[in-house]
Amino acid sequence: MGASGILQLPRERFRKTSFFVWVIILFHKVFSIPLGVVHNNTLQVSDIDKFVCRDKLSSTSQLKSVGLNLEGNGVATDVPTATKRWGFRAGVPPKVVNYEAGEWAENCYNLAIKKVDGSECLPEAPEGVRDFPRCRYVHKVSGTGPCPGGLAFHKEGAFFLYDRLASTIIYRGTTFAEGVIAFLILPKARKDFFQSPPLHEPANMTTDPSSYYHTTTINYVVDNFGTNTTEFLFQVDHLTYVQLEARFTPQFLVLLNETIYSDNRRSNTTGKLIWKINPTVDTSMGEWAFWENKKTSQKPFQVKSCLSYLYQKPRTRSLTRQRRSLLPSPPTTTQAKTTKNWFQRIPLQWFRCKTSRERTQCQPQ
C-alpha cells in the first residue's frame with residue numbers, strides 16, 4: 001500500500017467460512033448497540049467491507065478498533081459548517097475510548113476559544129491526549145465566544161478523534177478529526193496486521209511517521225463563536241484578513257494566501273485590512289483530488305457486502321448461515337430529520353457458535 005495510509009491489509013486471501021462477521025460501531029448510548037455506518041439512509045462503500053466479512057469471531061484478540069473519519073461520508077468540512085455540528089452542553093460527563101488504527105484525514109481542526117473576559121472556553125487536554133497525527137489541512141480557529149457553559153460536544157453523536165484516543169468533547173489547542181470508532185473482526189489473530197510494511201519501501205524511509213504526510217495549517221479568527229451571528233475571517237497575517245465563506249476549499253485558501261503575498265495586497269498600515277472575494281470567483285479547486293484519495297462516493301451503492309446485506313430481505317439458509325444475530329431493520333422513511341444520524345440502530349443479540357465436523361452451527365444465547 002506504500003505510505004498512503006495507516007491501514008495495511010494482509011496479502012494472503014482470507015479463508016471462506018461463515019458470514020458471522022460484522023463491523024460494530026461503538027456508540028456512547030447504553031440502550032442499544034448499533035451496527036454499520038449510515039449516511040442519508042445509505043451505506044457507504046469502504047475497504048472494510050472487502051476484507052472483514054468472511055469469518056467468525058473466535059477470540060477477542062481478533063477485535064481491532066479503528067477510527068473512521070466522517071469526511072469520508074461526504075460531510076461539509078469547511079469551518080463555518082463544521083463548527084455548527086459542535087455545541088456546548090452542561091451536566092454531561094465526557095467519555096474517552098482508545099483505538100488502534102485510523103485513516104488519513106484531509107481536514108482537522110484546532111480550537112482556542114476564550115470568553116470576552118479572557119477566560120478559557122475549552123478544557124485543557126488530559127495527559128496522554130495528543131494531536132491527531134495524520135492531517136493534510138489543520139484548520140486552526142482562535143477567537144472569542146459567549147461559551148454558555150459546560151463542554152463542547154458533537155451534536156450528531158460522533159467522536160472527536162485524537163492520537164489513538166477518541167473523546168466526546170473538544171480539548172483546547174489540540175488537533176482533532178471528526179469520526180466514529182469501529183471494531184474490525186479479523187479472520188484470525190495477526191500481530192502484524194496493522195504493522196505490515198509497504199510492498200515497496202521508500203528510498204529515504206524514516207521512522208518519523210509525520211514525515212509521510214505534509215501538513216498545512218490554515219489560521220482563522222472568529223467572533224461570537226457558537227452563535228447565530230458567528231463571523232469567521234481567514235487570517236493572512238496579523239493585520240490582513242479575508243471574509244470567510246463556506247464555499248472556500250482549503251486549496252483555494254492556500255492559493256489565496258500566496259496571491260495576497262505575491263501581489264502585495266497585505267495591509268501596509270497599522271490598521272486591519274479585510275478583503276471580500278468576488279462572488280463570481282470559482283473557489284471549488286482541489287475537491288476532486290480529495291475524493292479520489294478517499295475512494296468514496298456520495299451516491300448510494302449496490303455492492304453485496306456484509307454491511308449492505310442488512311438492507312436486503314433475509315433469505316432461507318442452512319443453520320450454518322442463518323442470521324440469528326440481527327433483528328429486522330426498521331423500514332426506511334423519507335421524513336426529514338433535524339439532525340443526521342451516523343449509525344444504524346439495530347439491536348445486537350449475542351449468539352454462541354459450535355464447530356462440529358468442520359461445520360459451524362450458531363444459536364442465540
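Using the three backbone atoms N, Cα and C, a Cβ is placed for every residue, glycine included.
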| Residue among C108, C121 that, according to Swiss-Prot, closes a disulfide with C147 | C121
| If you measure C147 (disulfide bond) to N257 (N-linked glycosylation site) at Cα, how many Å is it? | 30
| said: I'd like the number of other C-beta atoms within 10 A of the C-beta of N268 (N-linked glycosylation site), please. | reply: 10
| query | Would you say which of the glycosylation sites N228, N257 has the most Cβ atoms within 10 Å of its own Cβ? | reply | N257
| request: Can you tell me which recorded positions out of C121, N257, N268 are within 10 A of C108 (disulfide bond) by Cα, answering none if there aren't any? | output: none
| field | Distance [Cα-Cα, Å, rounded] between N268 (N-linked glycosylation site) and N257 (N-linked glycosylation site) | value | 16
